[in-house]
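Chemist: These came from Swiss-Prot, pasted as-is:
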type     : residues      : note
BINDING  : H27, H41, H43 : Zn(2+) binding site
ACT_SITE : C37           : active site, proton acceptor
ACT_SITE : H78           : active site, charge relay system
ACT_SITE : E129          : active site, charge relay system
Amino acid sequence: MLSQIYPQAQHPYSFELNKDMHISAAHFIPRESAGACSRVHGHTYTVNITVAGDELDDSGFLVNFSVLKKLVHGNYDHTLLNDHEDFSQDDRYSLPTTEVVAKTIYDNVQAYLDTLENKPTCVQVFVRETPTSYCVYRPKKGGLNG
């Protein structure tokens, strides 16, 4: 069971849900400057997705927890992240760093949420790579990244 305290995103919505999961995945950063991380290695990532909104769907959900798990865990668990199209380009916004993994998860979750009638929004994605290292992605309102 996960029992974490995460940095909180400020938002104006009435409802907020958080979905925790673990993902076991390998990756490498194909840059000399990445040091040891330039070699294939793995992590058991801890991922927390925060979704918020004002309206519930017909089932009384903001979004079904199982769909969030399928979108993330179902896509990345027990894989080499570099093999995914999301991380296959050789540019800084496609390398499977913790920062890019968090933003990519956000992009995928928000794309799904945009299809829902009740229009919830992903306000934060937290990705912990090690016990001492994590990244939080929060989209900027009206910016290119959110």
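Glycine too: its Cβ is placed from the backbone N, Cα and C atoms.
Set these features in their place in the structure for me.
Modeler: In the shown protein chains, 19 other C-beta atoms lie within 10 A of the C-beta of H43 (Zn(2+) binding site). DSSP assigns H43 (Zn(2+) binding site) to a strand segment in the three-state reduction.
In the three-state DSSP scheme, C37 (active site, proton acceptor) falls into the helix class. In sequence order, F28, I29 constitute the residues six or more apart from C37 (active site, proton acceptor) in its chain with CB-CB distances below 8 Å.
Annotation for H78 (active site, charge relay system): spatial neighbours S24, A25, criterion Cβ-Cβ under 8 Å with sequence separation of six or more.
Of all the Cβ atoms in the protein chains shown, 18 others lie within 10 Å of the Cβ of E129 (active site, charge relay system). In three-state terms derived from DSSP, E129 (active site, charge relay system) belongs to an extended strand segment.
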Chemist: Note down the number of other Cβ atoms within 10 Å of the Cβ of H41 (Zn(2+) binding site), including every protein chain shown.
Modeler: 11
Chemist: Express the distance between the Cα positions of H43 (Zn(2+) binding site) and E129 (active site, charge relay system) as a whole number of Å.
Modeler: 6
